[in-house]
Amino acid sequence: MASSSSTIVSLLFLFSLVASVSLVVSAAAGNFYQDFDITWGDGRGKILNNGQLLTLSLDKASGSGFQSKNEYLFGKIDMQLKLVPGNSAGTVTAYYLSSQGPTHDEIDFEFLGNLSGDPYILHTNVFSQGKGNREQQFYLWFDPTADFHTYSILWNPQRIIFSVDGTPIREFKNSESIGVPYPKNQPMRIYSSLWNADDWATRGGLVKTDWSHAPFTASYRNFKADACVRSSSGASSCSSQSTSSNNAWLNQELDSTNQERMKWVQKNYMIYNYCADTKHFPQGVPPECATTNLS
């Protein structure tokens, strides 16, 4: 088993290298000045290197955050992140898609910091019509603070796929046919923030933020969006070209190889799955849990 596991980890590493190289090539023209606004933090968010790098910082006074200039209704979103190194306990780096209002939709990556030497927790969730409670949590198979890694959201009318360095870790399928709401009507912006959540983020709030290590900094580069941009008039950039090969992601699904890769990640690195949490759902887990929607 050990040799088999090490072989798969090696394969994942190779896949991540390929994904990283292809991303750098395809997203070289991406510019944070053009694509994003820093929205809070009083100077703690910075765009550097002629728009090629963005950093968010957190100190005891405040965190920081940014949002996309565009709204999207379906797309494949890639971003490379390098997370807060060292003792990051109590900090949360959030990177997500969201609409606004009490019945908002949202697709979440959240990175929960930890003590030096302990692993980050990657927290994922999907909200539709204001309701979430669909968390899955993972450890990662690498140190996310040592270098940049690619975190991707594929969102089309049939499914949402969360991927890390090109490896799928979670799929949330459209299960409207059995009464499960699915985000498909509300355009969403991309948001990211770095903030203090030491009341809950690390070991349920038992481990507090050590401000002697501040400022804490997370870094972003190589943003890429193959997506349907919603204009201020409500028109979609995809409406006239939805069958184009450029929008193959609109009908993309996991092939058998990627299904196996996702199952391996879930078997070895998933640490929480809402579909197994009968204490949280005493009346029964959500209906999609009874299907092949989740491993």
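A Cβ is built for glycine as well, from the same backbone N, Cα and C atoms used for every other residue.
The structure displayed is predicted, hence computed values, not measured ones.
What TrEMBL records for this protein:
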type	residues	note
ACT_SITE	E106	active site, nucleophile
ACT_SITE	E110	active site, proton donor
DOMAIN	26-220	domain 'GH16'
CARBOHYD	N114	N-linked glycosylation site
SIGNAL	1-20	signal peptide
If you measure the residue listed as 'active site, nucleophile' to the residue listed as 'N-linked glycosylation site' at Cα, how many Å is it?
25
Give me the count of other Cβ atoms within 10 A of the Cβ belonging to E110 (active site, proton donor).
19
